[in-house]
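Summarising the annotation, TrEMBL assigns domain 'Calx-beta' to 357-460, 491-590. The annotation signal peptide is assigned in TrEMBL to 1-24. What TrEMBL lists as transmembrane segment is 58-79, 153-174, 186-213, 219-240, 802-823, 880-899, 911-931, 952-974.
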Amino acid sequence: MINYSTQILCIIVVFSSLVDVAQANSNHTKINAITNCVDGLIIPIWRPFQHLTIGNRIFRGIIFFFIIVYVFLGVSIVADRFMSSIEVITSKERTVRIKRSGLEPLKVKVRIWNDTVSNLTLMALGSSAPEILLSIIEVIGKGFKAGDLGPNTIVGSAAFNLFMIIAICIIAIPNGEIRRQKHLDVFCVTSAWSLFAYIWLYLILAVFSPGIIEIWEGFLTFLFFPITVITAYIADIKIIQRRLLPHRYRKASHGIIATTGEEMGFLAENGHLKDSITDPAIKAFEDNRKAFIEIMREIRKKNPQIDPIELQKQAEYEMINRGPKSRAFYRVQATRRLIGGGQVIKKQLDKEYRKYAIADEKRKQSRENTCKIFFDPAHYTVLENVGTFDVVIGRDGGQEGLTIMVDYYTEDGTANAGNDYISLKGTLIFQPEDKTKKVTIEIVDDDVFEEDEYFYLHLNNLRVCTKNGMILDPSKLDGAPLAVLELPSTATVMILDDDHAGVFSFECDRIQIFENCGCLSLKINRSSGCRGKVILPYRAIDGTALRGKHYEFEEGKVIFEDNQTEAFIEIRITDTEQYERMDYFSIVLDQPIWARKISDYQKAQERSLKRMGRRKEESLKSLNKSSESFKSEDKNLIITSAEIPLPSSTHSTRTSSSPNLHPLSHIFKRRMSSWIASNRDEDIDGIEQIRKKELEIEELGKPHLGKFKQCQITIKESKEFRSVIDRLLRNANTSLMLGTTSWREQFTDALTVHARFKEGADQEEEDKTEEKLPTLFFDYFMHFLSLPWKVLFATIPPTDYWDGWACFIVSILLIGALTAILGDLASQFGCWLGLNDAVTAITFVALGTSVPDTFASKVAATQDKYADSSIGNVTGSNSVNVFLGIGIAWTIAAIYHRWHGDYFYVDPGTLAFSVTIFCIEALICIAVIILRRRPPIGGELGGPMKYKVLTAGLFVALWFIYLGLSTLESYHVISGF
């Protein structure tokens, strides 16, 4: 602030010398210095004002100079509040739902105000409010007569903005870097309107009705303002382009080209075209979200062990620094740095995260003061033959010395009390030192095959007992409950049948997981029995999720031991940190293998062999009885047991070759063969029946797959990651950085100095230490210098009231009051230095009102990716100043004079000449800016050093030429129009 004040003082001294020379060499009557020495609208003239010595005039001029600088400081501070309200108003958002095929609707927040419209309306009004109000107040203060201060301030401010601010922005870009405008169409439209505004001003002054402003001229001047906004909006949304060209074509800098990639509609990460997203605001929302994700990845890559809260804070700070910001933001940031307000973003982020930390600490303390009773765990799986088992109830937190009582009871599910388990009902008492309690449950075992069954154990009727035995209401204690039943307050007990090998299945056929889960444990249940050891193979089938890229998995098998009821498959999920994700793959179970110790088939074979052995013995006894009856018929017939074939024998029937034995008769042999065959068939049929029955039993008991033998796993985006991005997007709204919520907050900020350091996320610690002392000194000096203004304007309503409109109305009223004072001071300053109002306006007043814009444009040029905020806003503001500042003031004056039967006279000489010079130089400036987009520079700002110096030097020279010619014409050294 001191440096700029010194520069302004030097410029005034130079022009005072120039004025003296102009007055000395003028062939016309010298302008009497005291012609401007009149009472102001609010501040009377400092008397005596005639017959003063040169030293006295210089002394008064210096005093008024510092007073005006201090008033300019106040105007900047109240404009800070005004621009904050505008930022809050124009940052209002609405939620848009986008329907997508195969995906859940996407909700995005988009701004209600179009950026171009807000820049040309409220933003332009906010940044140029002193110039606009000065023109209106001057006309009213002079009895609806034309003045030189207001209109010339508008033209002088336009010249300074176009030439000097752009020259500073060109030099401020680091060497080798460039900044291009993203919305060149809007720049061309606003540039054309800014040139037309000053050409129109010349036409109504010197051509249509020289020296007289008609009502239609003033009203049409004002009417050009909404027309400017509409045409700029049309250029921004490219309505004409879309009508004349096919949808997939756009105009490039070198002709018409087909758009590809992101301009044709960006793709979602899962490959689906978001064809419904055509709104540029929605697309900008998506781009910001992707940028947040990339920033978080970059920070995490640099510091993998970073704390999540610090990660969010750094990402939010970096995103706001990188992202585009409004004109209001840069204006407020420049003003707050000037008055020791510190860095807007860092200060606000620190404030927000302090609030989060305090809220988290309060929630944590509240939970620690409340005793929580719950099941730990809440699900139990037991075998039918377990007998008894314990269910654990846990206790956590709470005040010391409290005894907790809680009732419990069982409830039937598919399991029935008495048949499957023994029902329970009772009360648990937690002494102050108890952390857990157990409830013992008995399971009824039987030999009947059953499906798996379950029942419940509930907790209810929580009571708190003090040391003296009083039972208290646990619901309240200083706003926090003494004790609560926390989830889970119900335990589920699953009873598994133990009479079969089991049915193997997943819990469901589809599950969704978050990509940041790390490792998925996919559960396999064994129901309807758990007898024996079973081997269960499994494998994976890729979908949109690919093995090795989205998940890591090895095919294998799960081994269920005897009486084991569940097992898990481990799958590692890759975290790709996507905001939206819907990838899937499947895990498939193959047929289980029963690895039994002794199979049922072997047992059946053993039983069959024993039975056949018994039948063999019975057959031998029958044969002995038959042989005795045959002896009576044939004494020579002898039959031995060795000659009778056994049912299991594989040898043929044979007779003995002993000489003492006689051969069997034909009849006997036939009877004997028939009897043996019948016995053999009977044994074989018996064995087959046994085998069939045993196989049926084996088939019923062997393991098999259940209903869910394939499970599709869908990988979704991390809920925490998405919520972080959503919160960052909400906080990245610069209106939250500038807005206030209460008068207390405003007075606290007004009374607090916020030291600042150099910019840059990668700044070294020694750089901070090196600049700390001078920066702190400047901050404290400016803080105490501006403290009265800060406290005064802290009374303005916070931006949260009426959505910013209360702050808007009060701020603009205060700006008007200060502007009226400023006009009186500036006029008297010219009086003491011998300057007329026209010269004072185009030099000192124009510089004073443009200093905050200079800071803001310089910061925008260096920090923004594009040049729109630093260049595009200049041309738009210049046209709006004429249409609003001069259009409103002259329309009011013309109506007033016509009402009283005369005309509103305006001397076209000085103003018309100044406008003409400005238009000629503005054409040169805009042409140079457009040519800089071509090689070898490639952008409006920055570029090689030689081109930066040449361009900046040209623009500075144009400004001084404008000032010099306008001053010489004002003092009639050269003739005007």
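The backbone N, Cα and C atoms fix where each Cβ goes, and this holds for glycine too.
Keep in mind that TrEMBL annotations are predicted by a computer and have not been checked by a curator.
As a summary of secondary structure, the domain 'Calx-beta' (357-460) carries 12 helix, 53 strand, 39 coil according to DSSP. By the Cβ criterion (under 8 Å, sequence separation of 6 or more), the transmembrane segment (186-213) is in contact with the transmembrane segment (880-899), since 3+ such pairs are found. Between the transmembrane segment (802-823) and the stretches 58-79, 153-174, 219-240, 880-899, 952-974, it is 58-79 that has the most C-beta pairs under 8 angstroms. The stretch from 58-79, 880-899, 952-974 with the most CB pairs below 8 A to the transmembrane segment (911-931) is 952-974. Of the candidate ranges 58-79, 219-240, 952-974, 219-240 has the most C-beta pairs within less than 8 angstroms of the transmembrane segment (880-899). Taking DSSP states H, G and I as helix and E and B as strand, the domain 'Calx-beta' (491-590) has 3 helix, 58 strand, 39 coil. Sequence-distant neighbours of the transmembrane segment (219-240) (same chain, 6+ residues past either end, Cβ-Cβ under 8 Å): 114-117, 120-121, 183, 185-186, 188-190, 193, 196-197, 200-201, 204, 250, 280, 876, 879-880, 882-884, 886-888, 890-891.
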